[in-house]
Amino acid sequence: MSVSAHLSQTPADPSAGIQPVMILAGGTGGHIFPGLAVAKVLRARGVPVTWLGADGAMETRLVPQHDIPIDTLAITGLRGKGVMKLLGAPLRVMRAVRAADFVLRKRQPRAVISFGGFAAGPGGLAARLLGAPLLVHEQNRAPGMTNKVLSRFARRVLTGFPGSFAGEEAVGNPVRAEIAALPAPADRLVGRTGPVRVLVLGGSQGARVLNQAVPTALAALGHPDVEVRHQCGEKLRAEAEAAYAQASVNASVEPFIADMAAAYAWADLVVCRAGASTLAELCAAGVGSVLVPFAAAVDDHQTRNAEYLVGADAAVLLKQDDSLAVRLQQVLQTLLTDPVRRLSMANAARSLAKPDAAERIVDIILQEAGSGDGQPPAVEERAGLGIGNGGGRPPRKLTINGLLHAVLLVLLLSTNPQSRSLFDSRRLAIPTPGTSAGGAA
């Protein structure tokens, strides 16, 4: 299988002569939307942006809508592959890194930032081997495999939640400006009369478990005085409507909510999954929530995300299992009749908010990018990693030595959990071309 690069046909950014910042992100909205938020701030500051993604993935549909040039690699993930696929992985990784190297040489980015996804791995490795300033932003408390690899030699490691990495900078997850601008919880919720407003968020694909559990729980409560707005995704709309009809519960069922700021402002309580972007929005808006993490999420990262809000008394965590509807009924019975508790949860959520996350990320990117003259600024080696940044030297040609170290690190971290702790203890470095693994040439 060959791995090739496909260069964007989108016209170049009008900021001619200014080196772009390259964003590596894709696969899911959780990676893409934070990248788009950062891209918006960069462009507002006059910095052009280019994107590297994977062929046919979600980013190839979303990113062009924002007039951002996107180059793609023909690459897929390594997790969950059979033995034969893994045997061919070293060659595929090497080809992917070389393809990414081709893209980076064409784009000449002043800095590269990874938000995660399939193409971010080869793109980040190529950036490191070429000497371009590399940064990582991890949205979840349990880091994804790609960012876990790249964090070993990134200039700066930024996180949405504290506790994801050693030596991290917890800057928060970017949210839309209109959500961050919502009034404080007390201004919205105190003195509110009428039915309790429950917002249910199933995400873009919908959440079948919420489609069943929420109407069942509300029906078991004897049809309390509530107003329900349920976002269910297009594919599950008929299923959700049928579930509410069967439970004799009135609800506004919508496949998609265009104005999420208005939806959060309307809500007294939210029932939803625990994706990083959703939780960042809950905090920015200042609204209490009942969180049902997606049980099949990689490394159970949604549960780790939810625990952060639960620890601050901003949310209630319910595990997805056969007893969910019963436990949801018990939780709603308390929260629907206790406006003081709901306000307390909303205030706690707001206290965790980092509404300026996108601005802070851009500040750090530009700090690491330096003057934009094509030469990365010289900084001290990251403590304990034994990794230099090239000291302002121009990019060099990829070497077999560098590629082999990159492939070894990716494969060991992605296929053997024990090797992750091994590398953590030994702090293996990937050499810059012209150096050895032991240090500078």
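Cβ atoms are placed via backbone N, Cα and C, with glycine included.
If you look up TrEMBL, you'll see Thr28, Gly29, Gly30, Asn140, Arg176, Ser204, Ile257, Gln302 marked as UDP-N-acetyl-alpha-D-glucosamine binding site. Annotation comment: TrEMBL describes 21-158 as domain 'Glycosyltransferase family 28 N-terminal'. Among the features that TrEMBL reports, domain 'Glycosyl transferase family 28 C-terminal' is placed at 198-361. Look at TrEMBL and you will find 371-391 tagged as region 'Disordered'.
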Checking the spread of the UDP-N-acetyl-alpha-D-glucosamine site as listed (Thr28, Gly29, Gly30, Asn140, Arg176, Ser204, Ile257, Gln302): what is the longest Cα-Cα distance, in whole Å?
24
Need the DSSP three-state call for Ser204 (UDP-N-acetyl-alpha-D-glucosamine binding site) to compare against my parser.
coil
Same chain only, sequence gap of 6 or more: which residues have a CB within under 8 Å of the CB of Gln302 (UDP-N-acetyl-alpha-D-glucosamine binding site)?
Asn140, Arg273, Ala274, Gly275, Pro293, Phe294
Do any residues at least six apart in sequence from Arg176 (UDP-N-acetyl-alpha-D-glucosamine binding site), in the same chain, have a Cβ closer than 8 Å to its Cβ, and if so which, in order?
Ala37, Met260, Ala261, Glu281
What is the three-state DSSP composition of the domain 'Glycosyltransferase family 28 N-terminal' (21-158), stated as helix, strand and coil residue counts?
65 helix, 29 strand, 44 coil
Name the residue among the binding-site residues Thr28, Asn140 whose Cβ has the smallest number of other Cβ atoms within 10 Å.
Thr28
If you average per-residue pLDDT over the domain 'Glycosyl transferase family 28 C-terminal' (198-361), what number do you get?
96
